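S.K.: According to Swiss-Prot, the record shows the following:
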type	residues	note
BINDING	70, 72, 85, 88	Zn(2+) 1 binding site
BINDING	458, 460, 462	Mg(2+) binding site
BINDING	813, 887, 894, 897	Zn(2+) 2 binding site
COMPBIAS	1389-1408	compositional bias 'Low complexity'
REGION	1387-1408	region 'Disordered'
């Protein structure tokens, strides 16, 4: 059998492997791979096209050119297999060995491997503890290195120039050895004793921070060498392997020219220089000539390995840099990304898509010709089985002739054989779905309208690809997992993906609207059949209000049977007819309203939860049919008279123009600054635009009609444009506003707003100037879109890469940890309800009823819709749930911590690749996000000019913990907290709203006061920021000197003067002084902060207007100074995609705020130039201090007590600080909330758990702090799971485990620092990753998906996970079996020797 296999050389499936190890090749290893030395640079003889002997394509070394035929033609055919021809020396075998046989070049002088030299950090430099510059000088023959100092005072490793060398030669003679080039470096490497070095370094791990870091790096490297058995001198090459010739082909073109791989050129150069050097050495040429040749050889080898890494790249004849071995594997077109991660697929086709409204959800229309081509092999086999064709060739002929029997067979073959459709770009898993093909005429693929939103497809010329799953297993997976009717929810948020859009929505909306005084209003019907007859007879309008007796089916929870109940409903004709398609178990109330797009989505969602998948799919198909039919019947059209321009528009605009004139007037007379004028003008126009659109929508949305009693009543309008927008079919209020209201303010390309608005609308038409202004925005939009797509794709790629190995690996990790979830309330509005946050998660502990403490949900229960209804009814406002971050599963996640699989609606299955799903969910809507950076201070801050806050609901007032306030002389409560919030609770004590209140606001409510909706809670001056005193006393100015720290400003108009704090360094003041106020009590002493001996000091910031005089009496809550908000610099707020990327890359924001490092009391130390020294003293007297630039806004004052992690200097928080001071949970909350803010602004819903999954991966590395008994080095970064495993092992042995701290890495860093070198190399920085891995002798355990794709195995996710587990179990059983057999044999042998007669052994002693 073996010989038979050999005969056809069919590769048997490779034996299984569980890991891949990478290392460095020793010269012996390279020689053992080689089949001979390449001595000549010749390639092929260009007349005979035969390879030259000993050349780069030599047949003797690499194998024959024709199958089973030697070069000279002496031996041909299979019978001479394995013979080596004595004439030409070629082995008679298959030609494909030319793809696998390697050669080698013996280098006349050693050459350093450029990767270990130049890939930063330089490994050679680390090992030898020399600088890269020095090593380069030695390698490229500019300096000598001492390799053996002998008895001289010279130091080993020291560098000397030519002149030094000559001088020392004269001085010491041959006492010492110094060498140049790679030989010198090689000698040094050979002279290293790893054990000695390691011991030395281990003892040296003390001293300065930098030294420790460097030593730790060296130590790690040395230990890696020792562990992997790699000798450092292998970093210098003596032998160069030569790639098999068929992998660097040379192809003759017609006309006597050749197309060749660049590698051949590079190899030729190496061989040429090498043989020249060999000749020079044999001739004993002068040192300087040989040296030059050696340098050139080193450069040639460098170029071959990595061209352009050092110096100028070698170029071919056409001035193009040659593609070296390194270029072959890196980058988008390198081996990893081009061939291993992205392969071309056979059995696939592509075509344009069109609409297939008659298809069922799980079907697609496949053009006959395409199907014939794709299913050819199946047809061939059927033809043979039926005996119509005897050979494949005959079958082929039969198919090509296109006889009727072929089409019959095609129908048969295609039946129940799903195909997969894919639309590029495939941004999430719904971008590939399986369908059952239906054969159609024509050449376009027909697609079901409802799956368009999942594919993001439209029919304006989109193309889609078809793939055929061939094996039975593949067909089974396609059918069960990928069939379109099994994927009706978005994995990103669990909402239905098969929601109708556009005309279907319009049809359903029109049908379910009600009209006053429609034909047949007030009729009563006994069932829907009667309604249909009346409608068909023309006696009934769809929109007429009628009464119908309808039967509803409710499901009995115990038995699962449907029980009918009948009652009379007041409804409309259209709704009654629509009720015929409702599935059993879905109440009529769900469609007894005007169905807008959102409502239809809800309807399908409810149907899925209540009636299950199958019913829902059927229902969706019926909805689609009804929608199309009714939209056609409704005959909604659009005409210019539908665009009603409001009469009030003219007045609003002229009023705005008048206001703008007034402001211009004020500006001219110097009352307002240029910036204020611009802001106010933009503000006026913004408000007016909104007003016009409000008036317009009010006019569009209502119409007056006569009811059947002859009275005039208002009803919702049947205006076509309004209906399209209102139903969600097409268009929006903003677009209607441009058509029929006014276009409003336009932005310049840089994002700033042009202050003259476009007052016209499209109905009236724009004039030239207005048209010109509006082209600005349109062009910016187009340019943005192109950029956005690329950036969004790159973000998705980085996200996928960081989470690609995260798979659900077990049911339950048994953790008791979790996160406390409550509704997110901002500015009084519930942005995300508790329901949305906990739906589909697992409770950590029992959820109790707030009043009677009964258990509502048990610990470990999945919180589904029904349970959450109960929780909401009971008034639970916070629940502790399990999250991906707190999951304790090693190398994966557990199903309980992840919770519901949003795409399928049940608990997540083991083997689901939740990481990839999370990355796709976040990346897919990326193209919808903006690329914009908002300029705050322009009109974008319009929203910020709020001056009061009012309650939205009735309830009881409460304040949050940081809220502090004082009562001033007028009895008003003045807020002195920086992060105070007013909370409103309902009668159950549930939080209803939460409002932030700025520092210096006046509260108009007290704690525990009951208020009604609409009550004002607090108000403040939005244009200035006050500086307030908390204590009473007499004002004592310090350092308030006119002309030094303050300047007198006289107002031109009013003639009043105020003091303005100026930056003292501008006025040539020698020492930096800070103007401030102290308070003096009645006895003349300084007022102290209660409980401390700090005096009350209140500092003034630059730009503050001082409001009090020296010696004035002030009470608590009084304003000492005001800072005009206009004086604040406009700061850019990063929005959209760049913000999301910034968060996931964990970048430190520019102008970041400072958080308190510890809990304690604030004080200010001695100032330095331009900086304030801020100190915090904790209760034990430990002091932490920070220098804060003067222009920063400091949020605390002398003597204030702050908590660890509280914000003390204004600015965006740094995620690293949050992790360090507040811990992982707080960090996760911060990233989740910030990312959600960006998506929410665009109206995109993403479930929190996807972001948590990414954050888990960003936190997957830890830093070793205390080594304990582990083999780690302090400061080393380790995979968290590996660390925990190692610690468990140490504890089991009773040793001291290592301690570690959390490390937050950005997604790019995290991807590159993964333990899998294959995955990291295929992501970015291929050279660096591979160099490091080779030196460390790394093993890749092939845990992630990417590694497995690259090595060509099934991925360990989904069905592949079960396969790998079964395989491993079988291997274990086989091992055990082998062991058992061996043991049995040994036992038998032993028994045999024991029972053998004693004399048989000759002189063996008798057994006693």
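For all residues, glycine too, the Cβ spot is worked out from N, Cα and C.
If you look at the structure here, what lies around each of the features I listed?
M.R.: Sequence-distant neighbours of residue 85 (Zn(2+) 1 binding site) (same chain, six or more apart, CB under 8 Å from its CB) are 70, 71, 72, 74, 75, 91, 92, listed in sequence order.
Using a 10 Å Cβ-Cβ cutoff, residue 458 (Mg(2+) binding site) registers 13 neighbours. DSSP assigns residue 458 (Mg(2+) binding site) to coil, not to a helix or a strand.
Cβ environment of residue 897 (Zn(2+) 2 binding site): 813, 815, 842, 882, 883, 884, 886, 887, 889 lie under 8 Å away, each six or more residues apart in the same chain.
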S.K.: In angstrom units, rounded to an integer, how far apart are the Cα atoms of residue 88 (Zn(2+) 1 binding site) and residue 460 (Mg(2+) binding site)?
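M.R.: Rounded to a whole number, the Cα-Cα distance is 64 Å.
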S.K.: 72, 88, 887: which of these binding-site residues has the sparsest Cβ neighbourhood within 10 Å?
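M.R.: Selected from the binding-site residues 72, 88, 887 on minimum Cβ neighbours within 10 Å: 72.
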S.K.: Looking only at C-alpha atoms, tell me how far residue 458 (Mg(2+) binding site) is from residue 894 (Zn(2+) 2 binding site), rounded to the nearest Å.
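M.R.: Rounded to the nearest whole number, the Cα-Cα distance is 38 Å.
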S.K.: What other residues of this chain sit with their CB within 8 A of the center of the CB atoms of 458, 460, 462, the recorded Mg(2+) site?
M.R.: 353, 457, 459, 461
S.K.: Identify which of the binding-site residues 70, 813, 894 has its Cβ surrounded by the largest number of other Cβ atoms within 10 Å, counting every protein chain shown.
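M.R.: That would be 70, with the highest Cβ count within 10 Å.
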S.K.: Same-chain residues six or more away whose CB lies under 8 A from the CB of residue 462 (Mg(2+) binding site)?
M.R.: 352, 353, 423
S.K.: Can you list, in sequence order, the residues of the same chain other than 813, 887, 894, 897 whose CB lies within 8 Å of the CB centroid of the Zn(2+) 2 site?
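M.R.: In sequence order, the nearby non-listed residues are 810, 812, 815, 882, 884, 886, 888, 889, 893, 895, 896, 898.
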S.K.: An 8 Å radius from the center of the 70, 72, 85, 88 Cβ atoms defines the neighbourhood of the Zn(2+) 1 site; name the other residues of that chain inside it, in order.
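M.R.: Residues close to the Zn(2+) 1 site, other than 70, 72, 85, 88: 59, 71, 73, 74, 75, 86, 87, 89, 90.
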S.K.: How big is the Cα-to-Cα gap, in Å, between residue 460 (Mg(2+) binding site) and residue 894 (Zn(2+) 2 binding site)?
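M.R.: Rounded to a whole number, the Cα-Cα distance is 44 Å.
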S.K.: Among all the protein chains here, how many other CB atoms are within 10 A of the CB of residue 460 (Mg(2+) binding site)?
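M.R.: Within a 10 Å radius of the Cβ of residue 460 (Mg(2+) binding site) lie 6 other Cβ atoms.
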